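S.K.: One structure, pasted below without further comment.
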Amino acid sequence: MTDTIAPIVEQLFLDLHKNPELSNQEFETTKKLRTCLEQANIRILELGAKTGVIAEIGSGSPVVALRADIDALPIDEQSDCQYRSTKQGVMHACGHDLHTSVLMGAAYLLKANEQQLKGTVRLLFQPAEENFSGALHFIEIGALNGVDAIFGMHNNPNLTINQMASRAGPFSANVDRIEITIKGIGAHAARPESGIDPIVIGAQIVNAIQTISSRTISGLDPVVVSITKFLGGNTWNVIPEIVEMEGTVRTLTPDIRLKVKQQLTSIVENIAFSMGAEAELRWFDGPPSIINVAKWVNFCQNIAKQEGYEVVDFQPQLGGEDFAHYLHHVPGAFINLGSQSPYALHHPKFLVNRNMIMPAANYLANLAQLGLIELAQH
């Protein structure tokens, strides 16, 4: 069966890599996925998704969901592979083409074994992971209705293709965006005493917020506060009135997230006040941290060992992943499978090792099939 499915899945991967589409623009990708599912007589659920596909195999309860993300990134591919992106400025630099192909392979394997399924497997080909909107949209339209457990995977270029990694508890970070506006008083650059310089105030704020992780939060709790944009002024001899800053805050737990928010607000407002200026911090919640359920992590690790994977230790990462939203509604686990790339995720030369596709598809299929049995027994 694997020999029959492998060429189909391989071709899907090549097609997706050549024709990447950005978040919420995955229209051709969606058409291709629907065609693949229809050709295998896999039932598609019409829940109103503009892009992405939700499908099912089997019937009745319990229900296990498998999720893959399908969107690409606004990066110009620099690899020299024969199947490189045909779209300038857009590429699959995070391996979502791989994730999608792996899930499709698992779908075909599960369909071939449908009569033996002890329940239903729901397939979530999710759009818009890169802008963190896809999971919330799928939840809103009912993708998790009736689901008892959910599993997701991401490729990890730092692992070999026979390695699997996961952990119970925090797996990824809370990903929040911040904007800071400082309002001073503009002045001639030769007479700074006649104004209130928001650039100097902003510089002090940038320095001060670095003490949050080193002096306010325990060193055992990873925290990153990065200012990545600092805009002020438009000429060389005028002190501006306004400075705008943007950045990101990464934490692992809800309590540390709240503590950092409170401390950051205090620093911004008090430094500005002490120098006679006004400042405002705007905080935009992104996806929360993935919190893996220990039972399902152990389950995933045991199946991985049975499939011949080496299970390796995993330290929580401060990257973001909107799969976290699913785990706020349904128990489950998120894992990494090795893709063995010399380049990091989001690098213009990033390429996965295609030899991992079918082993990963077999693994996901067994995860779903045995997950149904586990749920039925407990």
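Positions of Cβ are set from backbone N, Cα and C atoms, glycine also.
Below, the features straight out of TrEMBL:
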BINDING   Cys94, His96, Glu130, His154, His346  Mn(2+) binding site
DOMAIN    177-272  domain 'Peptidase M20 dimerisation'
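For each listed feature, how buried is it and what is near it?
M.R.: The number of other CB atoms found within 10 A of the CB of His154 (Mn(2+) binding site), across every protein chain shown, is 24.
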S.K.: Which residues, same chain and not among Cys94, His96, Glu130, His154, His346, have a CB within 8 angstroms of the centroid of the CB atoms at the recorded Mn(2+) site?
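M.R.: Apart from the listed residues, the neighbours are Asp69, Asp71, Leu73, His92, Ala93, Gly95, Glu129, Leu345.
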